[in-house]
Amino acid sequence: MKDLKQRIVAAVFGDRSGLALFLLSLAFFGLFWRVGVFVNDTYTVANAFVGVADGHLYVDELRYGPADGATPGMNVVDGYLYGRNYGQMALALPILWLLELGALVADPRLVVVGLWCFTVLGACVVVGRVVDRPVMGNLVGAVAAIGLFGVNLLFATPLDPKWFPLMALQLASMVTAALAGVAVYRLLACVADRRAGLVSGAILVVATPVGFWASLPKRHATMALVVAVVLYTFYRSREVSEERPNRALGFRSAAYATVGLSTWVQPAEALTLFVALAAVDFLTVRRTDWRTLGVVAVAFALSLVPFLVTNAVVTGNPLSPPRLWTRFTGDQALTIDPTSGASGELTGGDSGTGSDGSASTAGLVASIGAVLGSALDRAALFAEYVRQGLVASFEPIRLYRIFVRSGYLSHVAGDDGGEAVNMAFVESAPVLGVLIGVVPLTVRRVRERTNREWNRRSVHEQLRRLRRSLQSPRRATDLLAVASLWTFSLIYLHRLPLHAMVTVRYLVPLLPILVYAAVRLESVREALSEWATLAWSYFGALAIGGQLLLLVLLLDGVQLGEAIQLHALVHLAAAAMLALWVLVSETGLGEGSYPRLGAALVGVACGLTTVFLLLSGWEYFGYAGEFALPAVRTFTRALPLF
């Protein structure tokens, strides 16, 4: 049994440090977990999940949201209502069963509080073993868990079990967000070192929008996990390719299977990742053979089965994803009244039994033709998205508003209640300022190589050197990161900026790539090695900076949009300082890389982002539902900002 537990920990988390990061991440998400709906299309996914939990794909009960069921993402096919993101529901189903099982022996609220306190206990115990202080870890964990359970018990209120499906979706999102941090840790522990990997995983969780969307049952945290796992498995497939070819083949197949499974969540995003993975894989692989290609192809094909079967069951066309089904407007006739779950009048003709063989053959040919036509239509649609993304990528003002500074945009704020509640990418994750600092350096290096006069031999030699360098596991993974970043962003650039983004949520899955890119910088790795400075600056920014920001908000009596933009400006200042430090460090303009200064700046940027995550969950978006932890609800009542 002990050996089995160690194997599970090694396979999923890598080691005890990864397990500790996972448990601490879940405990952190619980601090601002609200049981409710933040974005309207969550009603669609939650109501569809109620049906999935009952054993079918269609919606027969509108448990959440408006009575007519006409919520964003709700589809109608042959008189039945269907949702989307069925892959998320598959992840949440075991969690729903656990919640329902726990409710059989205890009050639902106590089940939730108990799970969170048990997570805190587990985190303390594992951390104690990681730092070789098991007794201290056990003691602190026991005291913390019992104390927190008692405090929450004092303020506990009833929790209606009707929320269990929505809570299961939220918990599944939290688990995937925490696992994304673990995957980044494991990747950078291999590429750099264990310490840099651990800090990087923590940064992804507490200092980027991954933490913001973790407790919200959207696809973004799940796709962030997919991106992180693909990068990790791809790197490992290259790292062990010479010594353990069979293990390398397993990692390579896992990368493709991960992308394939993600089609069950968001097929367009999965396609962008597949294009990047396939291109980089075959460009950088040392050698391959038909057996290897066959194994990879089989793994990828099997991973597509859930997606294809779901589409085929609903529409008869395996290549017709939910996002292309007919939208439900509330006016279409339905076979089942979803408000009551009762069957309505069925429409249709005879069953068509007794047809001859020629009719069956004609039907088969027609079906194959429909599938092929559908595939061509999907390819054309994807190509159009890419074309529009390429055009948008040459619009500097658009890129500035997406990645650097959002501010007040009238065409966006009009759909957000007239307030500027959205932040640009760097504003929502100021630690990414380190990447801005290397942009001038990168441009300079590209110009130097472009201006160099090469004859045919030198060009050929340069290509050979490039080919050899890309066979390095690190360089190959770097190329995959760049390619994935490019292909993924292309399908969204033309649609952004957009309302209800808050943190440019469509691009949240790219954050593991950007954290990886940041830590690939030598100056950043040196800064992350300064643990003491990093920790003191982080907790200092969290405690002192958080109080100062809160004081300003209270004294000025700001509105929601003004509060968000205050965070944005503070974050932008922190990002600018990081960019300047990296520019000086990487170009050698100073006498050294100043790792302690870098650690302090990284810690401050991360601490300020954590403040935003906490205040967002506690105060800014109070309409998103009731807190899962009763003590947090009582605490936030003392912070009446809005």
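Including glycine, each Cβ sits where the backbone N, Cα and C put it.
Feature list (source: TrEMBL):
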- 20-39: transmembrane segment (TRANSMEM)
- 110-131: transmembrane segment (TRANSMEM)
- 138-157: transmembrane segment (TRANSMEM)
- 163-184: transmembrane segment (TRANSMEM)
- 196-214: transmembrane segment (TRANSMEM)
- 256-280: transmembrane segment (TRANSMEM)
- 292-314: transmembrane segment (TRANSMEM)
- 476-494: transmembrane segment (TRANSMEM)
- 500-519: transmembrane segment (TRANSMEM)
- 531-554: transmembrane segment (TRANSMEM)
- 566-585: transmembrane segment (TRANSMEM)
- 597-618: transmembrane segment (TRANSMEM)
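Ranked by number of Cβ pairs under 8 Å to the transmembrane segment (163-184), the listed stretches 138-157, 292-314, 500-519 are led by 500-519. Between the transmembrane segment (476-494) and the listed ranges 20-39, 292-314, 500-519, 566-585, the one holding the most Cβ pairs under 8 Å is 500-519.
Against the transmembrane segment (531-554), stretch 597-618 shows more Cβ pairs under 8 Å than any other of 138-157, 256-280, 566-585, 597-618.
Residues 31-34, 203, 206-208, 211-212, 215, 428-431, 433-434, 523-524, 526-528, 530, 533-542, 545-546, 549-550, 563, 567, 570-571, 574-575, 577-578, 581-582, 585, 632, 635-636, 639 of the same chain, all 6+ positions outside the transmembrane segment (597-618), place their C-beta atoms under 8 angstroms from a C-beta of that stretch. Annotation: stretch 196-214 has the most Cβ pairs under 8 Å to the transmembrane segment (500-519), among 20-39, 196-214, 566-585.
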